[in-house]
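Trainee: Quick one: structure below, then a few questions.
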């Protein structure tokens, strides 16, 4: 219990500020930071606030940010507005400046792409659009820049509770023509008292995800998934138990018959079913990496359920992912190397290196490409060199040493592979199989059922990751995750049994591929979501969406493949223990 408590404390220290820092007296300065701007429909394509020619101080001061905030693309700087605690004013000037033709072009491009800005006031996020683009007029498109922002702020005693922003629709600047413009930027602050306690001020941001309509959809998703699980479980329990019972009776009767009687079915291949798979180093590395990703997912769910990832706890999720992945690398090393040694593998060092690179390698290559794209776009999604050095140090000083320690522990575990039947010297030839018993059709069948149990919830997850919705119902998501694991395990067991009855003993890789095939369905859903359910566009946003979703789907494949194989291994061991093998 000490490690999870230490981990929880670490993440909460990174993500949470002390409550005493949020108390103010009338007239006190309250921290206000401008974060970023970007196209509303392209959440990954974000830029620094002062990349647009807003009123800027002589020296822009950056806020020191945590690792997770930088990974999230946050680049906080002091905002050009001054909103002292409980100080009302109307139409105060920010600055007066002459916009050059290039400035007008920049603002017009931003307005045409529906650019929004994000700021933080006393750690409360708020958003607004920088301009408006009305319907087409007779003279063509018109573009207007808002020059007067109105802040509505709620307070309770000495604490800031809520902030909202809107614009004066009459105070706009016409950006349609390429000409220099004289603009005075204004802002207004209006303070109102509220009875909302400070502890509940973040509930505003999560209220949209728990509205009755959305809850009904979530619960429909749960009921749909539960029905799928019950039907599948009932079907498999009925069919497999009945069939296996008949098989056991038949094989017990056959043992009393003369020895020259020919065996058929899954007993016929008892001398080959535990023959070790080809490419056992890669197979063991995939199992180890899948085990680590499963542990990572479990820890993330635990932190989410205890409330660490409250809305807009800046960077907490990314910090947790980096820290937990580093700390769980020992699990990958131990799982992969111990299983590799059980399979009588000799080069355990190569297996350990393969385990360390199996997921990190593709992720690193994807990151290098996408970070280069972000640098070319001058986007805040591009990680600074210092942050990259920090991540490399974490991998070098924490991830890799723990991986090696786990591998050494796995090598010295001296566990032997538990096989109920002896393996023959020469493998039997696999008989010709019908097309629907081959690997690709089996993977399609295996992946469809688990995907059907989660596809409703996928929309809300995608809208949260690649949009501006907020996902806070982690309890429902955890239930869906459990259902996903159960369905994956059951469908893999069923397909493994049907494969063995066809006297096909090469079930090791097949069970892993069938278990992980849900990842391919999730990636197919990515194509549908991008095309039909989102308004994302542009090379950068498209690259980020498909690049990182490919990595997530690959992680799904490894994790669920491990679950499918482990379930199939338990099943195969059980049925062959129940018969007499010569």
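Each residue, glycine too, has its Cβ placed from N, Cα and C.
Note that TrEMBL annotation is computational and uncurated.
Quick paste from TrEMBL:
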| type | residues | note |
| --- | --- | --- |
| SIGNAL | 1-19 | signal peptide |
| TRANSMEM | 217-240 | transmembrane segment |
| TRANSMEM | 285-310 | transmembrane segment |
| TRANSMEM | 316-340 | transmembrane segment |
| TRANSMEM | 352-377 | transmembrane segment |
| TRANSMEM | 383-405 | transmembrane segment |
| TRANSMEM | 446-467 | transmembrane segment |
| TRANSMEM | 473-495 | transmembrane segment |
| TRANSMEM | 507-530 | transmembrane segment |
| TRANSMEM | 545-572 | transmembrane segment |
Trainee: For the transmembrane segment (285-310) against the transmembrane segment (217-240), do we get 3 or more Cβ-Cβ pairs below 8 Å once near-sequence pairs (under 6 apart) are dropped?
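Mentor: Answer no: the transmembrane segment (285-310) and the transmembrane segment (217-240) share fewer than 3 Cβ pairs below 8 Å.
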Trainee: Sort out the residues at least 6 away from either end of the transmembrane segment (383-405), same chain, that have Cβ-Cβ distances under 8 Å to it, and list them.
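Mentor: Long-range Cβ neighbours of the transmembrane segment (383-405): 67, 70-71, 322, 325-327, 329-330, 332-333, 352, 355-356, 360, 371, 374.
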Trainee: Are the transmembrane segment (446-467) and the transmembrane segment (507-530) close, by which I mean at least 3 Cβ pairs under 8 Å that are 6+ residues apart in sequence?
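Mentor: Yes, these stretches are in contact.
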Trainee: With pairs 6 or more apart in sequence, are the transmembrane segment (473-495) and the transmembrane segment (545-572) linked by at least 3 Cβ pairs under 8 Å?
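Mentor: Yes, since the transmembrane segment (473-495) and the transmembrane segment (545-572) share at least 3 Cβ pairs closer than 8 Å, they count as touching.
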Trainee: For the transmembrane segment (507-530), find every same-chain residue at least 6 residues outside the stretch whose CB is under 8 Å from a CB in it, and list them.
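Mentor: The answer is 273, 276-279, 283, 286-287, 290, 439, 442-448, 450-451, 455, 458-459, 462, 466, 484, 488-489, 491-492, 495-496, 499-500, 536, 542, 545-546, 549-550, 552-565, 567-569, 572.
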Trainee: Using Cβ atoms and a strict cutoff of less than 8 Å, what residues sit near the transmembrane segment (217-240) while being 6 or more residues removed from its termini?
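Mentor: Here the qualifying positions are 449, 452-454, 456-457, 460, 473, 476, 479-480, 483, 486-487, 490-491, 493-494, 497.
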